[in-house]
Structure formats: C-alpha cells, structure tokens
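*Asks:* Below you'll find the structure I mean.
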Amino acid sequence: MNEYYEPTLLFRQNAVKKYSPELSPVSSMSSLDLPKSNNSSSSWLLDNHNPKDTEILNKSCSLNRLNIKSNYWKIPDNDMSLTSMALSRQGDSNKSLLGISSANDDSNLFIYELDLAENYLTHNNTISLPNVHAMRWVPQMGNNELSLITGNSKGYAHLVSIPNSNEEGQSAEIVKRFNHRKHLKSINKDPSIASHTSTDITKLNFMDKSMDLLSLYDNNLFLWDINGCDSQVRPKPISISSIPGIVNFDPIPHSSNSVGICGQFGVSLFDTRQPKFSVPSSVMKQANKRKLGANVIRWSPNDDNVFAASHMDGVIRLWDIRKQDYFASLDGHQGKKIISIEWNKNDLFSGGRDGNIVHWDLTSDINEYPKPDITNCGLKEGLNSIKFNPVKNSVEKTINQRQCGTVLPASNTNIVDMCSVSLTSHNEEDVKVLSIDSSSFLGLHSKIFDAVKVNINSEKTYYTDDDISLLLAAQQSSLSTLVNDSTENVTKPLTISRMPTTKITHDVAPPAIPTPASVVPTTPNMSNDTLAEGPDEFVEVGDIIRLKEPKFSFSNYNDSVFSVDSNHDIKSSPSSTTSRGSFGESSSSISTNPTIVEASPISHKRDPSDIFNFKTDFDFGLGLNDYKFDESLVDRSFDRMLSLKTNATNYYSVYSS
C-alpha cells in the first residue's frame, strides 16, 4: 500500500483509464482503445462520419449554407441617426447615385456614387438640410438634371436640385417647397402642430411612369403634380385623403392610379381618383384580433397581383388580390418588428429590429397559379429550422412548411432601411441589396455562390503552407476605401474576411494577419458644408447651418439656395500596391466651390469613445428602450470593426455558411 493518498480510479463506460507505475500519475493515464464491436452501442456519441449526426449539427449551426458576401461602409453620422436611403441608376451602367439622410440639423444628407460591379463607394457631396426623414430621387424624364425630394420633421417636403459631380462651382438649390400642414384646412383639419399625432413626413414615392408624387403625413395621403409645380408660387396638392391608422404605402407597378396601403386596418387597395377612404369597424376588429395590422407593403415587380406585407406579429405574408386571404407566410425574425421589405426579381429580402436580413428564395413557385398550398415558410438553418427525433436520431420536417429563408447577420443593432439593387449583368443570379442600420453602417449584401474563390478541399483535415498563403492573400487590407478620379489613388476597399469553416485536427493555428505598425490612420475632412449667395441677399452662417428665406413682398419659400463643397481628398493605402483604372478622364478631384464661405470647415473627426454614445431617442421611432447596449462590446472583436481612417470606411466580410 502506498504511503501517500491516491484518488480512486473511477470506471465509466467508454472512458476506461489504465495506470502505469513506471510513469508519472499524469502521463500514465491513457485511454483504452475500444473494440470496434462496441461502436454500435455508442449511438449517443457524435460521429463525424454519420450523415445523420452531421446533418443535424450543420443545419442547427448554419454550417452548410452558401457563401454570402457583404461590404460595409461607415457613414460619418455622429449621432448615428440615419433615417432613409434612396438609389438612382445612371443609365445602363452599374454606377448609381446613392443618397443617405440623417435626422441631424446639419451635414445630414450624404450623396455617394456607388459602383455596383466593383463595390466602390465615392463621396460626392454632403448637404445640410435639417431633419430629413424620407427622400426619393425624382425620375429623370429625358434630361440630365438630378433632383431629390426630401421630407422633414415639420411637415415640409423640398424639391432639391443636386449638381452633377463634373459641374464645378455649382450649388445645390431648393427649387420648390411643399407645405403639408397648411393644406390640412381643406379637409377640415387643424393645421397646428399641437393637434397632430406626428409631424414627420414618413414616406415619399412616385406613381409608376409619372411625375405624380405621393407623400404620407399625419395619417393623410397627399398627391402632388411635380411637373405642374413650376408655374405655382405655392404648390397645391391634387388631392388629400385622410386615412386613419395608415402607416405605409406602395404604388402598384404599371398603374397610374392604384396604390397599396397598410396600417392598423391591415392591407388595402386605394384609388387616388377617389380620395375618400373609410375602414369598416368589423374589418378593424378582425385585423386587431388576427394581428393583421401591417407596417410595410411592397408589390412584386413581376406580378401586379402579388404583394408582400409585414404584420404586427413579425410575420411577412404574401397576398394575391384575386383572393381574399394570404397564400403564404414567411416567419424568420422570431417575432421582432420588420422595418423594411425589398423585392429583387423573385427574391424577397426582409430586415428587422433583430439586426438580421433574411433572404427568401421564392423563385421556384412564386409565378405558379393557382398558388402552391404553402401556408408556412421558415428558415432553412438555425435552431428554429430543425425538429429532432431522439428516438430515431433523425431530423423531422414540419408538415406543410417550406424552408426557404437564409439569415444574414447584417447588423449588431437594427436595420433602418433597405434598397434593392439590380445589376446589368449576364448572370441572372447576381442579386444585391443595400441596407443602413442604427450604427450608421451602409451594407451591400450579395447573393453569390462563389463569394470566395479559394480552391480548398473541404474534406481536408489540415492546412498546407499553400492553403495558408492563399487565405492570407484574400485578407490583404487597405486604409483607403473611398476613391476619386485619380489613377494613382484608386485602391481596393478595406477587407476583413471570414473563410468557410474547415476541420483542423492539428494544434497549430493559422498565423495571424500582420498589421503594419507604421500605418497611422488619418481622418480627412468631409465636404465643407457652406451656404451660398441667395437670389436677393447673402445667407448668414452661424454655428448651425440653416437656410435663410429671401425677402419678397409675399412669403415665398421656393427660392432658397444653398451650396455644397465636395472634397475628394482620399489617400492611397501605404499597405496596398494594387491599382485600377480611373473612373473618368480627369485626374483632378471633383469639387463644387461655394460663392461665400463665412464658417470654418466642418471636421467629422470623432473620438472612439463616442462611437456608441446614444444621446437621445431617435426621431424616426428607434428609441433607446427598443434594445440594450453593452459598452463592453466596444473592446470586443467585431466582424465589422469600426474605423476612423476615412469618412466612410468600407468593410468586406464573407459569411461562410
């Protein structure tokens, strides 16, 4: 018997240990090799070679889905209060003008040029137009003029003329001003702000193939004629419809009079030629009982009879106007409120307050009629996508459920707005969608089946030196993300990649990506937001930039002028040697020079400690009480790390699934 205490060697099935006296007590403990005949009785163990076991693990942990590529840019909005976005295609090319608005008082309207094919973002202008909550690009009817409609928080919509990027010395100008509050008297409503439930213009859109503008203000739907407003000193709406409980609308494609509306009453069709609208009390009771009140509605671009609507229970339902009920429901946000819905061909994207964007693949059966009997569509990955039978050790399918949703974790906070993108490409599978979130990130998400072209066999059990070199080559970074017209400064975006998961049996981890110690990030100034000379007098510039009205014998708000100064002072990355061709003939920076500058340039430098400083509730309905923020997250390693290197920093990440 030993003179010292020795713990008892416990016996457990499949974990038998043996002791060798000639070795130390630690090194002498080794596992006994189990006979192959005993493997049949160990069904509770995870077997990597068992398709049933790997199917459950891969499906629940999202390990077997396709690659999805995402690019991210940081928008220089100090208060992180982005409200809306709008995209305007430039002819048949893959370049588009992108407008992003904020609820701030100044420097809150950002104009970018986006190259959809190469994923480049070029900053053009920054404009001060206070408290923008909705906007829409005006359709170009055979001219090259760029105009933007914006709606603010005080019931005013502005028609703004945006200078082209190649026009130097030009200023942005407010062409017309549409006063919504003043015209409420015509429908016997009090125009005072105190009597309104909301003073924000929450939605702007144009009727299909026309210049008729629809705007939503305080449960009222306004219809304006943009073409006819030039001859009016004070534009008047064509019609005003009071619709209690209305939240959103969407014009029907290929129709000049019909609009789909949604709200507390559910979903409905509306004819602009009949401005009177009433909801029966029985319909309201049924909508509240079934939780069919809706906040977003979008018509299918390929079928004028089908539309999608997000409802109060966090479920998207597909409706056919030839039926009195929905024919499919899409549940993928776990009851969270859905903020935006976008169609792209027959694909549907939804973004919610959970920070996820769900891609719904409806290509196979959306065009069939009568519609397939699919009453429930769910996610094809994640814990909610599987039903496990422990007796049969197999995955069971839910009856009448079609799993067609793919989750993209796009944001750590919540999605604010989305915009669908169509590429001019021969590849019909090129599907992209833009998003902005409450952390002031702009995301470009691509449905690409070969997002990372790295020829690594997924069945390998180790990385070779060539594989590691190839992985590191795909993770080369660049300090510069915005590009200008100079051939010397065109660089690829900053990239942060996460490769497809492979099994590694060796203890040696792949080497970390070296970071140059000599690189010092700099923050160039944004456009020097200034105000220009008005038609009758100079505009005074104080600490807060505002538009000053010209003095006439009558009160006219249609001639206010302001300017922007575009600064493309973007430097090349010292750590990247790749270059591309220029976007234009000129190698000089694009700029618009103001007439009078009475204020110092506005710098958008920000302190890292203020990145997640939520000072107040957002005016567009995303308050601090809607989610909790952990300050310790600032020190963690995000897939989309915040950067102060440029005015709008680009991130590239691959969600391997």
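Cβ coordinates come from backbone N, Cα and C, glycine included.
Below, the features straight out of Swiss-Prot:
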- 77-122: repeat 'WD 1' (REPEAT)
- 127-170: repeat 'WD 2' (REPEAT)
- 196-234: repeat 'WD 3' (REPEAT)
- 287-329: repeat 'WD 4' (REPEAT)
- 332-370: repeat 'WD 5' (REPEAT)
- 565-602: region 'Disordered' (REGION)
- 572-592: compositional bias 'Low complexity' (COMPBIAS)
*Asks:* How about long-range neighbours of the repeat 'WD 4' (287-329): same chain, 6 or more residues beyond its ends, C-beta under 8 Å?
*Replies:* 245, 247-255, 260-267, 269, 335-343, 345-346, 348, 350, 352, 360, 362, 366-367, 371-372, 374-377
*Asks:* When DSSP states are grouped into helix, strand and coil, how many residues of the repeat 'WD 4' (287-329) land in each?
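*Replies:* Across the repeat 'WD 4' (287-329), DSSP assigns the residues as follows: 3 helix, 21 strand, 19 coil.
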*Asks:* Sort the residues of the repeat 'WD 2' (127-170) into helix, strand and coil with DSSP and give the three counts.
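*Replies:* Tallying H, G and I as helix, E and B as strand, the rest coil: 0 helix, 21 strand, 23 coil.
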*Asks:* List the helix, strand and coil residue totals of the repeat 'WD 5' (332-370) as derived from DSSP.
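*Replies:* Secondary-structure composition of the repeat 'WD 5' (332-370): 0 helix, 19 strand, 20 coil.
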